[in-house]
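Note sheet for the following structure.
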Amino acid sequence: MLLRFYFNGLLFVGCLLSWGRSDTEEQCHTFTDLNIHNSIIGTGLKVQLLLYTRENPKCAQDLNVDNSTGFQYLNVTRRTVFITHGYRPTGSPPVWIDDIVKKFLDIQDFNVIVVDWNRGATTVLYHNAAANTRKVADILKRFIDNMLSQGATLDSIYMVGVSLGAHISGFVGKMYNGSIGRITGLDPAGPLFNGKPPEERLHYTDAQFVDVVHSDTDGLGYKESLGHIDFYPNGGTDQPGCPKTILAGSEYFKCDHQRSVFLYIASLTKSCDLVAFPCKSYRDYRIGNCTDCKEFLPLSCPVLGFYADKWKDHLVKRNHPGTTAFFDTAAKDPYCIFHYYLDFMTWSSQIRRGYITIKLTSLDGNVTESKLDKDAAVFEQYKEESLLAKFDQDMDPISRISVTFTTGSVIGPKYKLRVLRMRLRPFTNRNRPILCRYDFVLLENIETEFIPIPCEDTNL
């Protein structure tokens, strides 16, 4: 009898605690977490829409696909960002999900909706996941239709798609005849989509503005241009800091592909701009042929990421293929490279071919170095040679400049390069002063250091 009394008492207390939790605590939904076992046996498609706002930045609300009413935090008058992931061969949640949600909410009180289709993307058979992309798009179309019926507008819809998610975003856009506000494709998937007609992949007509980042065109990503503007960091292939051999395991396969996401996330913080240069090829960019962005005045050259839509009015007027833009990055967050033009006017009587290495030193003693190009520069008497220099640190102000000239030859005589004028022009931060040095000699393989001075005539 006593045992029964204690049991009933515990049961009563348990009910009180349960009742108290139901009133004071809300249920937080999380991204589906699967494993390699699920990948092997396969998963049926199930889509979960996880809503985050500034009112619930860490506790996602699970939205009903067929009903956009009755949700505590969904405000259809806000701009809504749909974030859609891609193929998940191991079933684990994307490592970048929490970070991208937080960064969006730091900028503005969006409706941030994570499109969790991990059940459907988790499989060892990539073609099965690819086949589900249309089905996911159909589900998103139903939900957006409900939002529109509650007062949302297509202008306020922004879709960010990663890999297969980029094509899902495109399929949604097609169902609205390209009227949704914006699509950003982050390294759209290449396998099974390369060479397909526009109706079977992401296309620039799928939204009012489509911007695309290509970071693994020789692997898992799509190579050709797809948007109004296509960004190719580091030429769109081997990303700095990523493994170069298969000995690194899975990182070798996914690092380049994922870099597009991390570059985009870096753009949300705006700690520095990832400035890109419209150009026909990566080689043309590397040799400094593509730094004229007068066509975008009063704006500067386009920047990758969230703020790329500032260039929308210029870009959407162009015929397809649209604008391809190239730039280099550093190996680590925030990935920014700071560009300078280095102009040499030489007075050596003989033509010299060689390589230039330049170091910049700040007032506090920090040093950053740039080897200007993989190809030898040609220095002719009284003919200006302009080289594009790239640094992974921002030096302001610059207290000293060091320059080394080399021909790359290990045998034979050592040459001199007689410099009439060297000019350092900031390109990333164009409001900074142009610096010069006049009448000096570079001895091959000898580092020459000097204090720069303001140029006598910046029009030279």
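Even glycines carry a Cβ here, placed using N, Cα and C.
As given in Swiss-Prot:
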- 1-24: signal peptide (SIGNAL)
- Asn67: N-linked glycosylation site (CARBOHYD)
- Asn75: N-linked glycosylation site (CARBOHYD)
- Ser163: active site, nucleophile (ACT_SITE)
- Asn177: N-linked glycosylation site (CARBOHYD)
- Asp187: active site, charge relay system (ACT_SITE)
- Cys242-Cys255: disulfide bond (DISULFID)
- His257: active site, charge relay system (ACT_SITE)
- Cys279-Cys290: disulfide bond (DISULFID)
- Asn289: N-linked glycosylation site (CARBOHYD)
- Cys293-Cys301: disulfide bond (DISULFID)
- Asn366: N-linked glycosylation site (CARBOHYD)
- Cys436-Cys455: disulfide bond (DISULFID)
Nearest recorded site to Asn366 (N-linked glycosylation site) by CA-CA distance, among active-site residues Ser163, Asp187, His257: His257
List of residues, in chain order, with Cβ under 8 A from that of Cys255 (disulfide bond) and at least 6 apart: Gln239, Gly241, Cys242, Pro243, Ala248
C-beta crowding around Asn289 (N-linked glycosylation site), within 10 angstroms: 15
Among Ser163, Asp187, His257, Asn289, which are recorded as recorded positions, the nearest neighbour of Cys455 (disulfide bond) by Cα: Asn289
Of the active-site residues listed as Ser163, Asp187, His257, the one whose CA lies nearest the CA of Cys293 (disulfide bond): Asp187
Spatial neighbours of Asn177 (N-linked glycosylation site) that are distant in sequence (at least 6 apart) but have CB under 8 A: none
Least Cβ-crowded entry, counting other Cβ within 10 Å, from the recorded positions listed as Asn75, Ser163, Asn366: Asn366
Distance, Asp187 (active site, charge relay system) to Cys436 (disulfide bond) (CA atoms, angstrom): 41
